[in-house]
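Pasting in a structure now, in structure tokens, and then I'll have a few things to ask.
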Amino acid sequence: MKHNYKVKLFDELGFVRKKCKKCGQWFWTLDEERETCGDAPCDIYSFIGKPITKKPYTYKEMVKEFINFFKEHGHEPIKRAPVTARRWRDDILLTIASIAVFQPWITKGIVKPKANPLVIAQPCIRLNDIDNVGRTGRHLTCFTMGGHHAFNREDDFKYWQDETVELCFNFFKKLGIDEKSITFIESWWEGGGNAGPCYEVITHGVELATLVFMQYEKVGDNYKEIPLKIVDTGYGIERFVWASTGEPTIYDAIFKNIVNKLKEDAGVKDIDKEILAKITEVAGLMDVKDVGDLRKLREEVANKVNIPVEELDKLISPYEDIYAIVDHTRALAFMLGDGIVPSNVKDGYLVRMLIRKTLRHMDRLNLSTPITEIVAMQLNELKDLYPELLDMEDYIMEILEIETNKYRQTIERGKGIVERLLKSKKEIDLENLIELYDSHGLPPEIVKDVAKSLGKDVKIPDNFYTIVAERHENKKEVKEKIKLPEVNVDKTELLFYEYPKMKEFEAKILRIVDDYVILDRTAFYPEGGGQKADTGYIIKGDKKFRVVDVQKENNIVYHKIENLNDELKEGDIVKGVIDWKRRLSLMRNHTATHIINAAAQKVLGRHVWQAGSDVDVDKARLDITHYKRISREELKDIERVANEIVLNNYNIKSIFMDRNEAEEKFGFRIYQGGVVPGNVLRIVIIEDENGNIVDVQACGGTHCQNTGEVGFIKIIKTERVQDGVERLIYSSGLSALKAVQEMEDILEESAEILRCPTEELPKVIKRFFEEWKEQRKKIEELEKKIGELKKFELINKFETIGNYKVLVEKVEANPKEMLNIADNLATENAIVVLLNDKGNILCKRGENVDIKMNELIRYIAKGGGREHLAQGKYEGDVEEIKKKVIEFIKNK
């Protein structure tokens with residue numbers, strides 16, 4: 001699409017438009033002699049060893065320099081968002097750019113921005129180049145995107161191309177970057193259905209900023225102008241630091257202290273900086289993703305520094321590991337500090353992958369410094385800019401210790417898994433590697449090592465971790481929705497918010513379609529936010545129609561009627577009656593959900609986040625993120641804190657707030673229940689007598705007006721739903737009393753059976769258990785003796801078939817006793833086949849028998865097992881089985 005890239009600054013300063021003689025891109029420059037666009041691979045990284053700013057900057061200094069510059073130029077600084085984007089979005093897991101903070105609500109024009117124009121320094125996580133980190137000198141998984149953004153409406157236009165380019169140019173100038181070295185490449189950006197022209201801002205071979213002007217929506221192959229025109233800029237803070245120091249790699253510029261510490265610990269010798277610089281320089285001249293196993297990169301560098309490739313490998317490999325470790329641990333500091341709990345799904349999977357990849361790099365170096373210490377160093381470096389991360393240090397350290405132990409156990413257990421797989425497969429392909437990593441946590445390098453010990457080769461793609469990360473980042477949850485008929489009526493007036501205790505109401509029927517009645521107003525709560533729908537009746541005259549379900553879509557509430565007939569007509573005035581006893585239970589349990597969530601955060605830590613809920617009449621469940629099983633003591637503490645909140649009878653208020661105001665005041669923790677659409681949010685607040693927040697959430701559910709109305713809360717049990725997610729099941733009010741009484745009934749019944757007082761149950765049960773174990777031991781000894789006696793009874797019934805002694809016999813024994821008997825008989829070259837009158841069959845062989853018992857049992861009966869022992873079920877008589885056994889052995 002054609003666009004005019006010429007701006008006021010270019011005219012004023014005499015920029016010229018040129019076409020790059022190497023790549024053919026158009027660009028703007030002050031240097032009339034320049035023939036190339038300035039970007040790699042058309043130009044080399046000429047800043048390495050020759051810093052391009054007036055002074056070297058640290059990461060912290062560059063963040064402050066960036067924020068202060070744009071603040072001085074009329075931009076309001078705003079706080080960073082968490083690196084886990086699913087706190088406010090359901091389409092991506094991680095925050096991948098500064099604009100992601102404002103999507104989708106602000107960029108769609110539904111919500112006004114917190115400030116306009118604004119500036120932000122947003123830490124981001126991108127895993128699409130994870131395999132290149134450490135290898136190329138420039139790739140990072142964790143980086144900070146500086147962004148100055150303007151959201152332009154027709155009636156409130158801030159600035160556009162002229163001002164954006166001028167601001168960027170002046171920022172470069174302020175840093176001391178030579179004006180003639182700066183080029184603005186004309187480009188085009190598309191993403192998320194939007195599009196617009198952009199400039200890539202280059203100096204000395206490296207792109208430092210991108211200036212995007214979002215002004216179109218892409219519809220098929222066409223572009224349509226959008227009313228909200230957005231200035232979306234991205235400045236690479238770490239790249240600015242790198243260019244200001246002239247270090248050979250971006251890692252040496254950002255993580256110098258930690259790199260030096262790890263080099264010392266690993267005993268890695270200093271190598272010529274020219275070698276590191278050449279690797280970075282050559283990597284900048286090629287698309288590393290196309291290099292395959294990076295051999296080409298190695299060969300190019302080896303030629304340039306006159307070192308054999310094998311020697312270069314030995315020199316550079318430890319550096320690549322160190323660089324990957326310092327990058328990954330910075331990412332872990334943010335991911336864990338922002339409350340991500342390692343698990344097998346979503347962002348939990350990605351953080352676990354990063355931990356394990358880091359540990360693998362550390363193992364290759366034989367580092368004595370634990371991962372906890374390296375992340376602690378990162379937290380110390382970040383504490384001035386991000387003090388909130390340091391507040392999570394205890395949690396971060398515990399998580400890392402737990403995950404390290406899990407990783408070590410996985411490696412030990414996994415070797416056997418790989419060996420078994422290789423026995424059944426000729427080779428292990430990419431899908432097998434991914435399955436072993438996803439299901440068993442086995443890094444591909446371990447799989448390769450085990451395979452090598454068995455004489456087999458496994459090929460690992462250089463971009464393995466990128467492939468795995470992309471698969472998990474792109475996984476979408478498909479939630480089943482009730483298909484509702486489309487109707488064209490006004491939105492339904494919701495009475496349950498304004499009048500939360502309304503039990504009856506009058507309304508007019510607007511539409512009747514299928515089994516649904518649509519009213520102009522309703523006090524029936526539609527299913528949503530984890531809370532079940534209200535039920536009750538719609539009454540017309542003396543006729544009652546049962547409401548069995550209520551759903552809401554596009555601001556229209558649908559009332560499903562049981563046995564709907566033509567007595568109800570559109571235009572009728574009817575009365576709605578809520579099943580109030582049911583609603584009251586739902587309200588109590590929903591408020592109890594908020595209370596327990598607050599209690600769990602207080603007892604377990606700020607990493608706790610709601611991962612799902614289901615509010616029903618008799619009980620409710622709350623899924624929370626937590627990295628280990630909740631102990632009995634912790635559970636009692638959660639229950640105690642929850643009931644203290646109830647007894648204190650705290651006020652509960654529900655208010656409608658502007659989205660930005662709510663986020664600014666309460667933070668992203670308001671989205672405990674998931675992503676909430678819209679500009680206006682309903683915020684449910686529980687606060688103590690001093691006005692301190694006990695719990696606050698964006699929630700559309702029905703709630704009590706104070707915590708005392710909830711009544712007694714009883715946590716019935718906990719479950720481990722999946723790794724990293726704990727489920728609490730609980731009841732409130734009379735349902736909680738009923739749950740306690742049911743538990744008491746079980747205790748009383750148990751005490752009656754054991755003929756002891758309930759308070760002595762633990763002691764008596766322990767005694768019975770010890771006695772049972774003793775009796776069990778005696779029974780096993782007797783079974784063993786019976787097996788030995790049976791041996792003498794059956795020893796003379798063996799027949800010789802070829803090289804084997806074979807016994808096929810029916811015995812009076814259960815499967816366990818049959819195994820004892822077979823153990824005594826199946827020695828050396830013996831094959832024992834035992835049957836009983838219950839249809840059980842067992843095949844066992846001696847140590848000198850080559851015939852596989854799992855194959856034998858499949859031939860004579862139905863069953864399975866291992867080569868030396870198999871069990872199953874048979875049909876027919878002993879003679880038929882015996883005939884088949886002999887037939888099978890002779891054929892072998």
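Glycine too: its Cβ is placed from the backbone N, Cα and C atoms.
Owing to the predicted nature of the structure, the values given are computational and were not obtained by experimental measurement.
Per Swiss-Prot, the features are:
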{"type": "BINDING", "residues": "H590, H594, C699, H703", "note": "Zn(2+) binding site"}
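So that I understand the layout, could you describe where these features sit and how close they are to other parts?
Long-range Cβ contacts of H590 (Zn(2+) binding site) within its own chain (separation 6+, distance under 8 Å): G529, G530, Q531, V615, A620, G701, T702, H703.
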Whose Cβ, among the binding-site residues H594, H703, has more other Cβ atoms within 10 Å than any of the rest?
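Within the set of binding-site residues, the most crowded position is H594.
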Would you count the other C-beta atoms found within 10 angstroms of the C-beta of C699 (Zn(2+) binding site) for me?
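For C699 (Zn(2+) binding site), the count of other Cβ atoms within 10 Å is 27.
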To test your reading of the Zn(2+) site: which residues beyond H590, H594, C699, H703, same chain only, put their Cβ within 8 Å of the Cβ centroid of those residues?
G529, Q531, T591, T593, I652, V684, Q697, G701, T702
